[in-house]
Number of protein chains: 2
Amino acid sequence: MTQRPYNFSAGPAAMPEEVLQQAAAEMLDWHGSGLGVMEMSHRGKEFMSIAAQAEADLRELLAVPANFRILFMQGGGLAENAIVPLNLSRGGTVDFVVTGSWSQKSAKEARKYATANVIASSEADGHTTLPAPASWKLSANAQYVHICSNETIHGVEFHELPDLKSLGCDAPLVIDFSSHVASRPVDWSRVGLAFGGAQKNLGPAGVTLVVVREDLLGRALPICPSAFEYKTVADNASMYNTPPTYGIYMAGLVFQWLKRQREGDLTGIAAMEARNVAKARLLYDFIDQSAFYVNKVAENCRSRMNIPFFLRDESRNDVFLAGARERGLLQLKGHKSVGGMRASIYNAMPLAGVQALVSYMRDFEKEQA
Amino acid sequence: MTQRPYNFSAGPAAMPEEVLQQAAAEMLDWHGSGLGVMEMSHRGKEFMSIAAQAEADLRELLAVPANFRILFMQGGGLAENAIVPLNLSRGGTVDFVVTGSWSQKSAKEARKYATANVIASSEADGHTTLPAPASWKLSANAQYVHICSNETIHGVEFHELPDLKSLGCDAPLVIDFSSHVASRPVDWSRVGLAFGGAQKNLGPAGVTLVVVREDLLGRALPICPSAFEYKTVADNASMYNTPPTYGIYMAGLVFQWLKRQREGDLTGIAAMEARNVAKARLLYDFIDQSAFYVNKVAENCRSRMNIPFFLRDESRNDVFLAGARERGLLQLKGHKSVGGMRASIYNAMPLAGVQALVSYMRDFEKEQA
């Protein structure tokens with residue numbers, strides 16, 4: 001097989017090639033069972049073992065403490081924008097830090113169920129900075145505080161989660177970590193609930209990961225659909241309704257791939273983080289030294305996963321994208337709300353992919369100069 | 001490859017072998033794009049074409065009229081039990097015909113959002129009959145009337161959909177057709193909305209099909225999560241949130257497989273129906289002539305898809321199941337709420353599979369006599 005193109009899609013996104021190969025090989029017969037994974041009853045011993053292994057591997061990879069439950073759900077981050085307040089708001093006050101499109105959407109949806117206060121926002125500077133936690137106007141009675149810890153569209157990332165306790169706030173922190181989950185460790189001591197669609201760093205679209213502290217279960221509003229009540233889902237080991245079985249299997253293969261990764265002495269998520277730091281540095285450093293390209297995000301909050309950048313002369317955008325496609329560099333067009341370009345370089349993107357991108361960008365700059 | 005076992009799982013269920021082979025072959029590179037389907041942006045031209053083709057093929061197969069919208073959603077039938085009343089009940093009265101576990105669950109969940117009247121029930125006879133539509137106590141002001149047109153657990157099927165208009169009722173009929181969709185034609189003139197999880201006859205778990213008459217869009221309660229508002233989903237061609245892309249692709253492969261099916265002069269769903277009638281007749285006829293096995297469902301409402309049956313001497317159940325497994329006849333254990341055995345013989349189950357089951361049942365009966 002010739003070299004596959006490098007796929008910079010923001011999600012659904014590139015999968016590790018080894019994972020796709022294994023899935024193809026097992027499509028008609030999983031481990032001699034005579035069944036493909038898609039054909040297995042979710043209540044049968046084969047699929048139960050797949051789901052249990054996926055959960056255990058994820059718990060190990062992300063070092064999820066024993067007092068947190070891991071749930072595999074459906075509907076993606078957008079559905080969680082309603083499901084979180086249905087489960088945690090108690091119809092009261094909830095706080096939002098708006099740092100880009102995703103936290104903005106979350107706050108808007110929460111207003112269906114609760115009083116949603118925007119306690120800080122970076123809207124004035126086009127979401128190119130992060131408001132410092134010390135400046136947040138935390139509500140005295142908030143049921144939770146919501147942040148999007150990596151904004152996929154604006155390319156802004158919290159490199160440290162806020163320590164709400166040190167700010168005198170006892171409310172649990174909710175993080176939407178869809179687009180950087182498993183790219184770095186999570187400080188669970190600062191988190192009450194984390195959620196994310198799988199389709200960036202974990203597996204295929206259609207699986208939603210929720211990691212929730214046990215004491216937050218059982219608070220759902222009576223209008224919460226049973227299939228989306230965290231306590232019901234937790235009590236039934238994510239099998240209250242038929243789970244997205246194949247998606248969970250694929251995520252499980254990704255978890256096993258993550259566990260196999262090595263970078264020097266590092267393994268698993270630590271290895272991925274080192275690799276992600278190196279990949280991001282290569283691209284940001286190249287952009288910053290260039291007078292041809294620009295990234296507008298403040299240095300202290302640049303995303304390692306989603307890197308929006310612009311050609312200073314935007315009339316060359318189409319030529320840039322066409323040339324990229326010719327070199328096998330796909331899906332580099334920026335989100336319509338931001339414009340320009342965006343390189344999403346999730347775990348499955350190798351360093352060689354970022355090197356190929358930088359090499360193309362350098363050549364394009366020379367050629368156009 | 002040796003003969004694959006026959007998988008009688010109620011769902012997730014057997015997939016056509018050709019479909020699995022095609023999916024395996026395309027896993028790393030769909031049609032020369034260099035991308036696997038799982039890796040494609042849902043907004044890209046490749047996946048948009050896959051989704052559009054799937055919808056068009058399904059519309060053709062099921063002869064869905066132009067004034068109905070086809071939606072691909074998430075959460076399965078259980079989530080729809082909430083999503084339907086959130087979208088259609090207007091918080092008023094809704095009518096339920098309870099014919100087994102699934103319609104029972106639907107009625108219970110609807111009570112979160114509406115006044116749910118049980119207007120007929122077969123509970124008294126253990127859900128082995130269907131209450132005649134003329135006996136239903138239809139509410140004067142119902143927003144809709146809900147039936148489960150095939151009860152997966154109890155093995156009861158409506159062989160004709162009720163004609164509510166002829167009963168003097170103008171409310172739309174909602175059908176949960178999860179476990180017999182695409183096994184027979186649908187009389188859309190009698191239907192307002194149909195929903196079903198894909199994991200029995202259409203594809204993998206994690207995709208939910210909703211077919212809804214256009215005039216029923218736009219009635220959602222304000223508390224309906226945006227990701228589950230039918231109008232929002234319809235206005236965005238099922239891409240308001242990231243859809244379960246791989247599941248839609250797999251369902252699309254099943255739709256193409258369905259279109260290729262031939263049975264005499266019949267094609268598509270008509271061919272499948274003829275085959276399903278023959279498969280069900282073979283199994284029911286064998287059970288009925290035997291003094292060893294029994295099916296308790298009234299003849300006029302026996303499901304063609306899910307056939308629960310019992311050994312008259314239930315002490316032999318485990319031996320029966322073990323012997324079946326040895327012959328490559330899998331997942332025949334009945335649902336725990338009903339007991340005994342259940343053979344789910346969806347579209348992907350060939351006649352040869354039912355012949356193998358009957359042959360085993362005959363041999364087992366002789367051997368045990």
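Yeah, the Cβs are placed from backbone N, Cα and C, and that goes for glycine too.
Per TrEMBL, pyridoxal 5'-phosphate is bound by A:Thr152, A:Asp176, A:Gln199, A:Asn241, A:Thr242; the candidate from A:Trp30, A:Trp102 named for the same site is A:Trp102. Per-residue pLDDT, averaged over the domain 'Aminotransferase class V' (A:6-357), rounds to 97.
It is A:Lys200 that, of the recorded positions A:Arg43, A:Lys200, has its Cβ surrounded by the most other Cβ atoms within 10 Å. In the structure as shown, the Cβ atom of A:Asn241 (pyridoxal 5'-phosphate binding site) sits within 10 Å of 25 other Cβ atoms. Between A:Lys200 (N6-(pyridoxal phosphate)lysine) and A:Thr152 (pyridoxal 5'-phosphate binding site), the C-alpha separation comes to 10 Å.
Proximity to chain B (CB-CB distance below 8 Å) holds for A:Asn241, A:Thr242 among the binding-site residues A:Arg43, A:Asp176, A:Asn241, A:Thr242. Between the alpha carbons (Cα) of A:Asp176 (pyridoxal 5'-phosphate binding site) and A:Arg43 (L-glutamate binding site) lies a span of roughly 30 Å. For the pair A:Gln199 (pyridoxal 5'-phosphate binding site) and A:Arg43 (L-glutamate binding site), the C-alpha distance works out to 25 angstrom. In the structure as shown, the Cβ atom of A:Asp176 (pyridoxal 5'-phosphate binding site) sits within 10 Å of 27 other Cβ atoms. In sequence order, A:Ala10, A:Gly11, A:Gly100, A:Ser101, A:Trp102, A:Ser178, A:Ser179, A:Lys200, A:Met305, A:Asn306, A:Ser344 constitute the residues six or more apart from A:Thr152 (pyridoxal 5'-phosphate binding site) in its chain with CB-CB distances below 8 Å.
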